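Engineer: I have a structure I would like to understand better, so I am pasting it below and will then ask my questions one at a time.
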There are 2 protein chains.
Amino acid sequence: MKNIFAEKMTPFRMIIGAYVFSMLLFSLLLWLPISHQPGHELTYIEALFTSVSAVSVTGLTVIQVSDTLSAVGIAFLALAMQVGGIGIMSLGTFVWMVFGRKINLSQRLLIMVDQNQYKFSGMVKLMRNILLLALGIEAMGMLILGTYFLRYFDSTWEAYYQGGFAALSAFTNAGFDVTGQSLIPFAEDYYVLFVVITLIFAGAIGFPVLMEVREYLTNRERFNFSLFTKVTTTTYFLVFVLGAVSIWALEFGFYYDGMAWHQQFFFSMFNSATTRSAGLSVMDVSAFSMPTLLLMSGLMVIGASPSSVGGGIRTTTLAVMFLTIRSFALGRSDVKVFNRQIDPEDKQRTFIVISFFIVGLLAAITLISAFERGNTEVELIDIIFETSSAFGTCGLSTGLTDDFSTPSHLLLMCLMFIGRVGILVFLFSVKKKETKSHYRYPIERIIIG
Amino acid sequence: MKNIFAEKMTPFRMIIGAYVFSMLLFSLLLWLPISHQPGHELTYIEALFTSVSAVSVTGLTVIQVSDTLSAVGIAFLALAMQVGGIGIMSLGTFVWMVFGRKINLSQRLLIMVDQNQYKFSGMVKLMRNILLLALGIEAMGMLILGTYFLRYFDSTWEAYYQGGFAALSAFTNAGFDVTGQSLIPFAEDYYVLFVVITLIFAGAIGFPVLMEVREYLTNRERFNFSLFTKVTTTTYFLVFVLGAVSIWALEFGFYYDGMAWHQQFFFSMFNSATTRSAGLSVMDVSAFSMPTLLLMSGLMVIGASPSSVGGGIRTTTLAVMFLTIRSFALGRSDVKVFNRQIDPEDKQRTFIVISFFIVGLLAAITLISAFERGNTEVELIDIIFETSSAFGTCGLSTGLTDDFSTPSHLLLMCLMFIGRVGILVFLFSVKKKETKSHYRYPIERIIIG
Ligand SMILES: [K+]
Ligand SMILES: [K+]
């Protein structure tokens, strides 16, 4: 018996199993009466949706957290976000290290994963490092925001509670809030926005990048950043800037009409950062016009770095896609960037991630629009926005998540789950053992496109 | 001077040039006063839109053809469709034969393109074959439909005129009509629908397939269909059946409510066929509900076979995409189908076509929704439908094409143009000469997805 279990239990299936287990566990905990405020109840579907959303650090919600959950419930929620955020970073990083041994990450990272004994001891070391780094950043965020929040809240406890939750929510990119209205109360406080954007970056830029930066800071002379770090950081910030400029261009004269330039500047920056894929908001997102909501859906689909708390197709996927098109148009057969060549295997993965994501997203949008056919509240743009938000595990919403019907909620949960686990891990988990074929078929060309 | 011209004038640029020239020529011809009915005028933008739509055999239109164009104008329009349809078949087939010499098309096809002298003599032979085949099929269609139409129209001339135009429009998948309401007058005449669907198939299945079928019919014993023919035909009909079933499932109890089963059957079949990418309609498409319109947008994006009159990403692209995902999930490194292996180069092209198409489509939808921000007539689903229809050169419309503003019209023209020319040809035309690099960069892996 044990043998069959061990044989079937690939690392990928273990990851899937860990997520399923956490989601079910927290759904039960959030379902307990002790987790609710007096007079409020949750259906199991609501508890499950909240749990899936928290563990996948998405932040879509069908309940008003601050009105519905008790202190205990909020503690469970925070724990779910923490488990989700840190689990993702460590499991994600671990998988890719074991998996693509040739990824030239920093020496310190590689040492953690001993060549032959990575199964347990390396995992523990890695987890400890990630945990320390994450808790350190969160504690710093809590200290900075909490202390600053003393001017907003009456009690010291309340200020640090709000600051801590905001820091946790920003760094894990979970996007939940206990203010009842996300960051809207601080919309015009640029100091808060700046700190929150920084925390979002720290979570979304990817754990390997943080480790490399730390190593670089201690040893500037002999350090080379990996290709991964260069590609993902460049892409992340390039899309961030393009996103901010595009949001500004689309809303100039519309939502931004009559707003001071510095507020336009900070709103564009914040909205560009939060769509990738934090999910916190400083305004009612549905106040943006349709082209902006479409653009933001696209940004949510792009998402953050791999091995980070963010979702989406991820930065490197987008980068390899554009680099491949460019090198094709330039008549080159190989794809080059930063004096390196992209591995054909990584091109193949890029292709699969993009195809799978696009097909899944379009199918989900069509299905939800069928489920919500009789629902006059919900428009197509809401469905597109909500679906992109779930699949990209972003959590921004035009405010209609709880107006959707149960079939749509179930579908959104599936999207958050797959979006979180990652498409490749999902595919690897269903993957059979590599089949050695006895013979190769002849290659025959066909006409494409 | 001549040398520089010859050097810059790759076959791909010649194709682009031929399309641009035809579109400009027919825009001027349609702009002439002689092309209009008394009291009707066309702006140049309207004439250009009609010309681009006809030469690209799309069928989107900002004018009511039967009310606006004179007999001369309709003749120009028919000629533009014919030039577009036959040009596409021959140029498309020719390019792919020269280009991917290894494509194992039928011997007869290959013989036409003499190894070293394909530049002119092979082209002429190929053109003649395509022209004969196309005109033969169209004449047959005109005879069948025209004779049958005697029961619908008072004069023999009118019956054959209507039959001929419908046959031309169906076979070239152009989708224009001179009835003033597409095929709605014949919506309940299953004989007409059947003939039209057959003509649509003949145009959309691809010229190489037609040639191979002809060869098979004359020589059944020793004939093997090429991998291209097997893949494209299987995919074409598989998507056709899935599309019909899905349309039926989505509209059962809605648009189909109270309709006889045979009408539901024929409507589902016809709408599945016409979205790929004929553009004729037997009903007001906007009567379908939103999920169906989204599904149909997807079918328009998929489109028909390569080297056919249809557009879209094309069947083989879709097939290679799914086969690649499947073989990845099965743990295989090569992609197999019909006892053959797909060439990695074709996988790369599939990736590029899909990426380029998706990025272009999403950007166009966002831009048009910005252009139409103040237009209360136009909803998001209309924009998505219209954009997919233009890029997939399908020509179906929810009826709002002429409500769009001029910037949107210009953008739709660009989409029809690129959608028609094909993304790869478009990219090849901007392509520089293959650059031999003096050294190769080392490969470094990154994390994807
Ligand atoms: K999130
Ligand atoms: K068409």
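Using N, Cα and C of the backbone, Cβ positions are placed for all residues, glycine too.
Not my notes, these are from TrEMBL:
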type	residues	note
TRANSMEM	B:12-32	transmembrane segment
TRANSMEM	B:44-65	transmembrane segment
TRANSMEM	B:71-99	transmembrane segment
TRANSMEM	B:130-153	transmembrane segment
TRANSMEM	B:159-178	transmembrane segment
TRANSMEM	B:190-211	transmembrane segment
TRANSMEM	B:231-256	transmembrane segment
TRANSMEM	B:308-329	transmembrane segment
TRANSMEM	B:350-371	transmembrane segment
TRANSMEM	B:410-430	transmembrane segment
Engineer: Out of B:130-153, B:231-256, B:308-329, B:350-371, B:410-430, what stretch is closest in contact terms to the transmembrane segment (B:44-65), meaning most Cβ pairs under 8 angstroms?
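Structural biologist: The stretch with the most close Cβ contacts to the transmembrane segment (B:44-65) is B:410-430.
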Engineer: Let me check one thing: do the transmembrane segment (B:130-153) and the transmembrane segment (B:159-178) come into contact, meaning three or more Cβ pairs under 8 Å with sequence separation of at least 6?
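Structural biologist: Yes, the transmembrane segment (B:130-153) and the transmembrane segment (B:159-178) are in contact.
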Engineer: Pairs of Cβ atoms less than 8 Å apart decide it: which stretch in B:190-211, B:350-371, B:410-430 has the most with the transmembrane segment (B:12-32)?
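Structural biologist: Per the Cβ count, the answer is B:410-430.
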Engineer: Report, as numbers and ranges, every residue of the chain located at least six residues beyond the transmembrane segment (B:190-211) whose Cβ falls under 8 Å of a Cβ in that stretch; write 'none' if there are none.
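Structural biologist: Here the qualifying positions are 85, 89-90, 92-93, 105-106, 108-109, 129-130, 133, 137, 141, 144-145, 148, 166-167, 170-173, 183, 226, 228-229, 232-233, 236, 262, 266, 269-270, 273-274, 276-278, 280, 282, 304-310.
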